[in-house]
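S.K.: Sharing a structure, written as structure tokens. Questions coming.
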Amino acid sequence: MSGGGCSIVWFRRDLRVEDNPALSAGVRTGQVVAVFVWAPEEEGPYHPGRVSRWWLKHSLAHLESSLKSLGTSLVTKRSTDSVSSLLELVKSTGATQLFFNHLYDPLSLVRDHRAKQALIAQGVTVQSFNADLLYEPWEVNDEQGHPFTTFAAFWERCLSMPYDPEAPLLPPKKIISGDLTRCPSDTLVFEDESEKGSNALLARAWSPGWSNADKALTAFINGPLIEYSKNCRKADSATTSFLSPHLHFGEVSVRKAFHLVRLKQVSWANEGNRAGEESVNLFLKSIGLREYSRYLSFNHPYSHERPLLGHLKFFPWVVDESYFKAWRQGRTGYPLVDAGMRELWATGWLHDRIRVVVASFFVKVLQLPWRWGMKYFWDTLLDADLESDALGWQYISGTLPDGRELDRIDNPEFEGYKFDPNGEYVRRWLPELARLPTEWIHHPWNAPEYLLQAAGIELGSNYPLPIVGLDAAKSRLQEALSIMWQQEAASRAATENGTEEGLGDSSEYAPVAFPQDVQMDEDIEPSVRAEPPRNRNHLPGPNRQFEDQMVPSITSFVRADDDETSSDVRNSAGESRGEVPATNMNVNMNMDLDTGNPGTGVLQTTRTGPNIPPAHYNFTTGVYNGAEDSTAESSSTTSRRERDGGVVPVWSPTTSAFSDQIVGDENGVGASSSYLPRHPQSHQIVNCQQLSQTG
């Protein structure tokens, strides 16, 4: 087929045939060679975790089946360098065009730029598209043209954009296949023998694949969505959409979800169903948080590695691997925290409210390095997502202008009665506490001895005493903050020589090495594995086993809560939160694409230790600093996006600085920010079923 002029469609985290602009563009041009390149080495320390690889394996099989039904096959390649593999494919197929959809993490931005430059040099036309977001990161700016520095302002702008997100595309009717005889597929291995036992259980709770994702979206919209605002805080029932793994791998279109949910909103608004409207606003906000995670990663490419507020580099983290192990195993002595960590181990899933609880405990009470927790989430969550993970842990660590203050400790006991008022969640995952009355379920250390004996609980034996007392944690946090501010002040004084580095500059931040002896993918005996649920509405409790555990992989939107009960520890100097650094720094990264999750990337800054927070890395970022991309076609980044191949502006860190003002409303966009009152044209939403076919 060496002169056939076919097109290569490069699949990454867009594993669907519906609303896939790159695939649609390829189909319009004629013959198509669909390709997936598996290059985990490009991801460095953020090699996909066990359950992420399990999901990817099945999602690709589902995509392959769909492509075959349309007339072609998926070519899979095992590689250590995606760009080299693409060049080889171009040579073997005679392709004249390459189409792919955008990713926004640092590694992918650099890798995509390399691919465009290399392929264009070979005479190949390259076009890329938005298939992952409602709006591209460079489309959403304030009135001065600068990136927003708080989620509330960002999402308010998204909801008031002068044009709606693109309507979703239907799948092609047929795909004309290119000649695949000269580019045979490689066999991709996503799991080893030791992992198959654990992975087999995941299929009882989850169904990867784009058509399954579509069914899950439809079921959620026609079911739990209407009571989402009422039930989403409950940790003990299946009240969330469970769409985040599907969204991460691009099995479901965010645009389709947005448009379908808005159609429901219009219907409920016409019926006067305020509860339904409130639920829609809250669910759309969760979509907005996912959008914001990409926005943050694009504008602050080091956010997975370094705190956005520079003074946190002076925080004296507690480097205690025994604390870390107790947290991982669900043996901290705080029931809600322990239940969450055991659910994570057993199922690869965690309710977003519980993610906040366990992460806050990790950072504020145990004061462990936040990047350890971020990396553990990456290795254990089904929806492990570098950008969302970074946003969540930066938020918990108090390094976002609208994040939680670092001096705020949430009381796990109060959080327990808020999110698990009847104790059902704790009883499910901590069977040793199952017989304890609800009055004491979230603070068993206060229960009368006769009740503990009646419940078969021996604190310190079959259930641990609290690993750290909250009063001691408050005192220790106050001392740590005092040290941090003193060191920050000394650094500020030392740098007041016109260099404008110091506060807000974390370029010299040296992260604490991830524990060398922690085998995140270490398998354990099948007899001690907790069985994932057959149905997410009825989650079984795990078998009791307190050896070190291996975890799945996941990361979803972290939503702030509006009425948290917390303990505030103010620093003695009365300092307000420092500014987030201006991002006009030249980010120089080593162009070392060494591992890969198909579609996330991380800047390789000072990294010590083999395992670190979810990301994808190593590259020189100085290559992005203009307004033009290397795509063959150009388009304005301020006008309405072109569906036939938008241009990614040459990427460079922005020059605006974050404000040090803290947003008071943790909920960001609330019910008062309803989409409909400010978007009267919403009733004209096009039903995706009425769209013209693209094939």
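Yeah, the Cβs are placed from backbone N, Cα and C, and that goes for glycine too.
Note that this is a predicted model, so its numbers are computed, not measured.
What TrEMBL records for 5-134 is domain 'Photolyase/cryptochrome alpha/beta'. Per TrEMBL, site 'Electron transfer via tryptophanyl radical' is recorded for Trp317, Trp370, Trp393. As annotated by TrEMBL, region 'Disordered' applies to 492-511, 527-584, 624-695. What TrEMBL records for 626-638 is compositional bias 'Low complexity'. According to TrEMBL, the compositional bias 'Polar residues' annotation covers 682-695.
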S.K.: Just to be sure I understand, if DSSP states are collapsed into helix, strand and coil, how many residues of the domain 'Photolyase/cryptochrome alpha/beta' (5-134) fall in each?
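M.R.: Taking the domain 'Photolyase/cryptochrome alpha/beta' (5-134) as a whole: 61 helix, 28 strand, 41 coil.
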S.K.: Rank the recorded sites Trp317, Trp393 by how many other Cβ atoms lie within 10 Å of each Cβ and give me the one with the fewest.
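M.R.: Least crowded of the recorded sites Trp317, Trp393, by Cβ count within 10 Å, is Trp317.
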S.K.: Counting across all protein chains present, how many other Cβ atoms fall within 10 Å of the Cβ of Trp370 (site 'Electron transfer via tryptophanyl radical')?
M.R.: 25
S.K.: Just the number: how many Å between the Cα atoms of Trp393 (site 'Electron transfer via tryptophanyl radical') and Trp317 (site 'Electron transfer via tryptophanyl radical')?
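M.R.: With the alpha carbons as reference points, the distance is 15 Å.
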S.K.: Express the predicted model's confidence over the domain 'Photolyase/cryptochrome alpha/beta' (5-134) as a mean pLDDT, rounded to an integer.
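M.R.: So the average pLDDT across the domain 'Photolyase/cryptochrome alpha/beta' (5-134) works out to 94.
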S.K.: Between Trp317 (site 'Electron transfer via tryptophanyl radical') and Trp370 (site 'Electron transfer via tryptophanyl radical'), find the distance joining the two CA atoms and give it rounded to the nearest Å.
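M.R.: Rounded to a whole number, the Cα-Cα distance is 9 Å.
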